[in-house]
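Annotated features in TrEMBL:
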- 1-11: compositional bias 'Basic and acidic residues' (COMPBIAS)
- 17-29: compositional bias 'Low complexity' (COMPBIAS)
- 35-175: domain 'Casparian strip membrane protein' (DOMAIN)
- 1-29: region 'Disordered' (REGION)
- 37-57: transmembrane segment (TRANSMEM)
- 77-100: transmembrane segment (TRANSMEM)
- 112-139: transmembrane segment (TRANSMEM)
- 159-180: transmembrane segment (TRANSMEM)
Amino acid sequence: MASPEVGRDKSPFMLQPKSLPSPVSKSSKTSSFNAQIILRVFAAAFTLAAICIMTTSSQSFPLLGFTIKAHYSDSSAMRFLLVTDATVCAFSVLSVLFVYRLSRSGSDLKYCFYLFLHDMVIMGLATSGCSAATAVGYIGRYGEEKMGWMAMCNHVRKFCNQMTISMVLSYLAFCSYFALSVMSGNKVMYQYESP
């Protein structure tokens, strides 16, 4: 017959000692900061390229004896995308400087939380600009038959292709900020839980 103490050792409800999280090595912190800086530089480069393509793209076409010029400024959604891209680009450059300073001075929970908030706001701004431009771009490329809006991209194909490239670059900047938001949130959570 087994002793009662042996039976207690095999109990499924027995508490196990919790291991403390291992301290983060210096190389891991450095690689985390480097990844953040690279993603922010990518976001700035993507939005800067999107702005350059958007502002330089235009195309003229004849319609009923008139010459019509297609330009990004003709659409309020495209102007909004330009403003959001410029804002994302400017704040990406500023945040690179902030992250670089943070990596030199040591990461404080308060500053990491501010960086997380920054990344979330910029990601939301990028989402709104991309969404507005995508909706208008879809109507421009395919039209809306029920509303009687005809597609214009068969008349200004080069302009539409350039605007599509600009929007793809803006979406890549959004993806960069999505990854940054996940990284910043993880850093805040880890620092909050660590003793």
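Using the three backbone atoms N, Cα and C, a Cβ is placed for every residue, glycine included.
Note: TrEMBL annotation is automatic and uncurated.
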Legend entry - Within the domain 'Casparian strip membrane protein' (35-175), residues counted as helix, strand or coil by DSSP: 111 helix, 14 strand, 16 coil
Legend entry - Beyond the flanks of the transmembrane segment (37-57) by at least 6 residues, Cβ under 8 Å: 71-72, 78, 81-82, 85-86, 88-89, 92-93, 95-96, 99-100, 103, 158-159, 162-163, 165-167, 169-170, 172-173, 176-177, 179-180, 183
